[in-house]
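Q: I have a structure here, written as structure tokens, and I will follow up with some questions on it.
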Amino acid sequence: MRYNLVAIASFIIIIGGLSLASSIVVPFLLAVFISIIVYPVLELMSKVHINRFFAFIILIGICGSGLWILGNVIATALLGFSADLPIYKAKIDIFIDNLVIYIKDNSNIDISNNILSFINIDKLITTTSNLIVQTGSIVTQSFLVFLLLAFILFEVQIFKDKVAYFALKNPLASDIASTFISNLKRYLAIKTISSIATGVIVWVFLILFDVPYAPLWAVLAFILNYIPTIGSIIAAIPAILVSLAVNDLSSTLWLTLIYLVLNIAIGNFIEPKFLGKELGISTLVVILSLLFWGFVFGIGGMFLAVPLTMSIKIALDANPKTKSISILLSN
């Protein structure tokens, strides 16, 4: 009993410490996950006889440019979107008014108060302003992520040598660690490819439907695709609302259908096929992980929720003694 109380108290203290240090921990975890994704590229360049130092410089240049472009796309688009938000709000109000009149004329039901109570321009503008502030913070932190990523990639060969030495001393623990790293690399690689595919497909269709700020919604779809089940749904909402403001109802319904089909196809068929059952986690665990890691790390924790939970599941699954706990997290 005393041991359990000590364990619970230690867990609470650790979580509290992580939460207080979130401004450092979140960029570090982002750098770790990005390094896991891009390190195979460094290995590939070494195999084709590119000097390792030059390969490192090339990879760091690509990653740095990618982070800089991503940050600028988000910041620039959000600034423009915040300026146009009142215009979109006015057009959506007109659409809702026409819809209310149509329903009232055809069914004698007045639903104006019920619908308009959900629309609040002040809340929309405040939310957008908060998004701009948070984007500025993300752009600022991207430099820290870039520095941490550079040091991790620079030290990765030394770390591999240490792991090789450790394997000689403890083969069983080495096998568990190897399985964990291999499965985590596989999960992040597949998830990244599917997220890129989602972002590109969304961008193409938004361009075809003439939806403003298509790059912003495509980047949002790419990022939120890391959150299974609900991520793609959340990413679709702003793009559909903007489409409703600038396009007719028919085009918006078609766009909604495309988002729905894309979400079902990638989330329920393509990803599970490549990930396999051993790398799947249940929807309930996804929701709980979003709440938990969001509480610990804020908005950054929500983006890291599934990779962190998946890391824990893979670590538990790699050890025969904790495999039963891993099964509880699976789908």
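Note that Cβ sites are derived from N, Cα and C of the backbone, with glycine treated the same way.
Taken from TrEMBL, the feature transmembrane segment covers 12-41, 53-81, 131-154, 188-209, 215-241, 253-270, 282-306.
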Q: Might you confirm whether the transmembrane segment (215-241) is in contact with the transmembrane segment (188-209), defined here as three or more C-beta pairs under 8 A between residues 6 or more apart in sequence?
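A: These two stretches do touch.
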Q: Should anything in the same chain at least six residues away from the transmembrane segment (215-241) have a Cβ under 8 Å from its Cβ atoms, list it; otherwise answer none.
A: 70, 73-74, 77-78, 81, 88, 92, 191, 194-196, 198-200, 202-203, 206, 252, 255-256, 259, 262-263, 266-267, 271, 281, 283, 286-287, 290, 302-303, 305-307
Q: Quick test of the contact rule: Cβ under 8 Å, at least six residues beyond the ends. What residues does that give for the transmembrane segment (12-41)?
A: 59, 63, 141, 144-145, 148-149, 152-153, 156, 181, 184-185, 188-189, 192, 295-298, 300-301, 304, 307-308
